[in-house]
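Undergrad: Below are the features I grabbed from TrEMBL:
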DOMAIN    1-374  domain 'Amino acid transporter transmembrane'
TRANSMEM  20-42  transmembrane segment
TRANSMEM  75-94  transmembrane segment
TRANSMEM  114-131  transmembrane segment
TRANSMEM  143-165  transmembrane segment
TRANSMEM  177-197  transmembrane segment
TRANSMEM  209-233  transmembrane segment
TRANSMEM  292-312  transmembrane segment
TRANSMEM  318-338  transmembrane segment
TRANSMEM  358-378  transmembrane segment
Amino acid sequence: QGIFVLGLPYALLHSGYSGLFLIILAAALCCYTGKILIACLYEENEDGQLVRVRDTYEDIANACCKKLPRKLGGIFVNVTQVTELIMTCILYLVVSGNWLSHSFPYVPVTEKTWSVIAFVTLLPCVFIKTLKIVSKLSQLCSLVHFIIILVVMTYCLTQIHRWSWAKFRLSLEFEDFLVSVGVIIFSYTSQIFLPTLEGNMKNPGEFRCMLNWTHFFACVLKTTFALTAFLTWGEETKEVITDNLPSFLQTPVNLCLLTKALLSYPLPFFAATEIVYACISRGNDPNYRSPVFALGIRGSFLLLTLLMAMFIPHFALLMGLTGSVTGAAMTFLLPSLFHLKLKWKKLSFLEKSADITVFILGCLCSIAGIVCSIKGLLEVFG
């Protein structure tokens with residue numbers, strides 16, 4: 001459950017009844033692409049048993065692009081992954097500064113200065129070496145997120161007398177609908193982390209079951225949250241639903257959101273630095289595999305996220321443009337393409353049709369997101 005969840009009521013405002021269907025459809029599609037991505041890690045041995053012969057997204061890409069020189073498939077996937085992960089880290093810093101400035105409006109400090117203050121609390125991230133530490137931080141993040149959702153939904157239930165199904169729109173504006181599609185779909189994305197997650201499970205055989213249940217509960221929570229919030233505020237629903245809360249709730253909720261953003265940062269940061277470190281250290285001088293070198297990479301990436309958060313103008317629009325390309329590619333396009341490439345002879349007609357359908361939907365989402373983001377950038381720059 002990422003920060004995107006807070007934008008789901010706003011997505012319903014612009015998508016109406018179709019938004020509810022999209023929340024369910026996106027859960028099913030993302031769950032499916034997660035499964036086929038992990039299926040690409042395995043091959044059958046002589047006894048017909050599935051054996052894990054690949055470890056990463058990069059390995060899958062290289063297996064599919066053997067005819068390309070210098071492992072270009074793996075390089076493309078790694079660049080795409082690192083770009084999306086770093087942009088996500090920067091987004092957490094930007095929103096942290098925003099929430100701090102809104103929580104303490106009377107303090108004469110700029111939003112960028114608040115981002116620097118938030119950055120200082122993230123410095124210990126350079127010492128994170130294992131996924132176990134990240135998982136504990138993510139667990140705390142989930143707890144904080146649950147508190148935020150609980151506060152918003154509890155307030156909404158106290159306003160049940162204001163609810164009206166007449167607030168749902170039947171007619172839609174195409175451009176607004178496309179924005180809603182982006183918010184809904186990318187609230188589910190997790191494919192970048194799945195190979196590492198599955199590889200670290202005590203019982204990888206339970207992966208598919210885990211994916212089914214997590215996407216089911218995510219779908220139920222997102223639908224319930226978006227519906228109750230939208231029915232409460234209707235046309236007054238803001239882009240981030242916590243901005244609709246009364247003033248006495250906004251400050252504590254903003255501080256919870258700040259905590260969530262800071263606790264969310266280590267996961268994409270760890271994933272990005274591990275990818276880069278693995279690429280640099282593979283087959284090179286032993287000095288590249290030293291702990292000091294790894295510390296240097298993590299420190300450099302940490303500083304990079306701060307500098308980009310401080311100096312890139314209109315970052316939100318650039319994030320939308322990047323996300324439309326990298327997010328759609330990693331979530332829909334590449335998993336379906338790789339699955340077709342590696343498993344073509346073993347797939348049934350229905351499975352092939354499903355993969356092709358997902359690929360086409362991914363292309364449409366990517367193109368729509370790119371058009372909307374470029375239009376927004378053109379409007380900003382006049």
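Our numbering is plain: 1 for the first residue shown, then up by one each step along the chain.
From the backbone N, Cα and C atoms, a Cβ is placed for every residue, glycine too.
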Undergrad: Mind checking which residues reach the transmembrane segment (209-233)? Cβ under 8 Å, same chain, six or more beyond either end.
TA: 1, 5, 8-9, 11-13, 19-20, 23-24, 27-28, 30-31, 34-35, 149, 152-153, 155-157, 159, 162-165, 167-168, 187-188, 201, 241, 244
Undergrad: What stretch of 20-42, 75-94, 114-131, 143-165, 358-378 shows the most Cβ pairs under 8 Å to the transmembrane segment (177-197)?
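TA: If we count Cβ pairs closer than 8 Å to the transmembrane segment (177-197), 20-42 scores highest.
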Undergrad: Mark yes when the transmembrane segment (75-94) and the transmembrane segment (114-131) have three or more Cβ pairs under 8 Å (sequence separation 6 or more) and no when they do not.
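TA: Answer yes, regions in contact.
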